[in-house]
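Quick look at what Swiss-Prot lists:
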type    : residues                      : note
ZN_FING : 16-66                         : zinc finger
ZN_FING : 94-135                        : zinc finger
BINDING : Cys99, His102, Cys121, His127 : Zn(2+) binding site
COILED  : 135-223                       : coiled coil
DOMAIN  : 277-475                       : domain 'B30.2/SPRY'
Amino acid sequence: MEAVELARKLQEEATCSICLDYFTDPVMTTCGHNFCRACIQLSWEKARGKKGRRKRKGSFPCPECREMSPQRNLLPNRLLTKVAEMAQQHPGLQKQDLCQEHHEPLKLFCQKDQSPICVVCRESREHRLHRVLPAEEAVQGYKLKLEEDMEYLREQITRTGNLQAREEQSLAEWQGKVKERRERIVLEFEKMNLYLVEEEQRLLQALETEEEETASRLRESVACLDRQGHSLELLLLQLEERSTQGPLQMLQDMKEPLSRKNNVSVQCPEVAPPTRPRTVCRVPGQIEVLRGFLEDVVPDATSAYPYLLLYESRQRRYLGSSPEGSGFCSKDRFVAYPCAVGQTAFSSGRHYWEVGMNITGDALWALGVCRDNVSRKDRVPKCPENGFWVVQLSKGTKYLSTFSALTPVMLMEPPSHMGIFLDFEAGEVSFYSVSDGSHLHTYSQATFPGPLQPFFCLGAPKSGQMVISTVTMWVKG
């Protein structure tokens, strides 16, 4: 107890009575009291502003004893500076160990206010009715609680670390999978590019072989005809020479030249030259790429030919001829041909749609695009000059008619499933056989004067059906 009391007394001696904190740059007045230099100067600054006269100019009252002390006579107390430093460093003399109000040790703990108090505070009106514990007992309880909280936090830190490690592992695995997929994409495209190059070379080689075979036959025909021409020219010269001879000379031995003339006959080529190469332009995977621009094309019932019936079945939209007809002819309706257009007009971008044909007999059909203001009342040729970019075919034939090629496109088989691709900005309309992926025809470098609509045409009533859909599905039986 004597050590505690001694420590308390030492703490009191090292404490400034103005700020109630350990001395900072302590100074001593002429009356022998000590204060922090900043505290005494602030106190005197306040006193200077108060009314009344001081007994001596430049003197101020001591905050402890009120004795007047000249300001210039403040003396530094270096010994007290050392004492204050020792008190601050001593673990038993920390400022928080004493009550700031009563300067008594904080030996108790108020549970309601959750703060340490001294014995004087315990008897005060503020804490008299509160539950108070000895500080050591409260410390033990809080130590247990802090240990529980720290253990919980340690568990959470461990859990967080495990989660972080798991997420880092997931991140690394994800990046590894993405890297593997990226490498796979690059590899597959390299393989596809190599395959496309090889396929291109194969098609070009086949086309070159076909060109050489046909050209060889044609060259042989040219050479044969050239030989026949020379023989005919030689015979003509002989006959012209004989015709200029005298009568007796002309009549001599006429049997031989006349017999040669009678034996002359021009031999025509045995095989007619093909109108188009047999080698088909077929790019693997092109249809799948074009389907990235797939449109859900819906035929417009308000403008369709009166004898066309539009109906849906299982998400498919069918365009088929109907002999009954609607009997209603608006100004926008096709009346010259069994035609219809799509509801949506395209004025930019790339668009692709597919049409299946279930055509009967030798009916004529046509597919493509047309201007949104084409003539619908008159029978006009379906050519670009009239606003049509279409291909057409009579079922049973193998020649697809176009209006930009001098000769029709020869087909191995009439297509039953067509794909139409419009690139508005490029001025191109391309046609494909979806069944085998072959390219059939392209209108290129076209100048479209306005919006374009998908165009469908059946040659006559009872000619069959067109299946217009974005997805073709069937169940294998």
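In case you wondered, yes, glycine gets a Cβ from its N, Cα and C as well.
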* List the residues of the same chain that sit at least 6 positions away from His102 (Zn(2+) binding site) in sequence and have their Cβ under 8 Å from its Cβ, in sequence order, or write 'none'. => Cys118, Val120, Cys121
* Asked: Within 10 Å of the Cβ of His127 (Zn(2+) binding site), how many other Cβ atoms can be counted across all chains shown?
  -> 19
* Tell me, by DSSP, whether Cys121 (Zn(2+) binding site) is helix, strand or coil? -> helix
* Inside 10 Å of the Cβ of Cys99 (Zn(2+) binding site), count up the other Cβ atoms and send me the figure. => 18
* How many other Cβ atoms are found within 10 Å of the Cβ atom of Cys121 (Zn(2+) binding site), counting all protein chains shown? -> 22
* To do: Kindly state the mean pLDDT of the domain 'B30.2/SPRY' (277-475) in the predicted structure.
  => 78
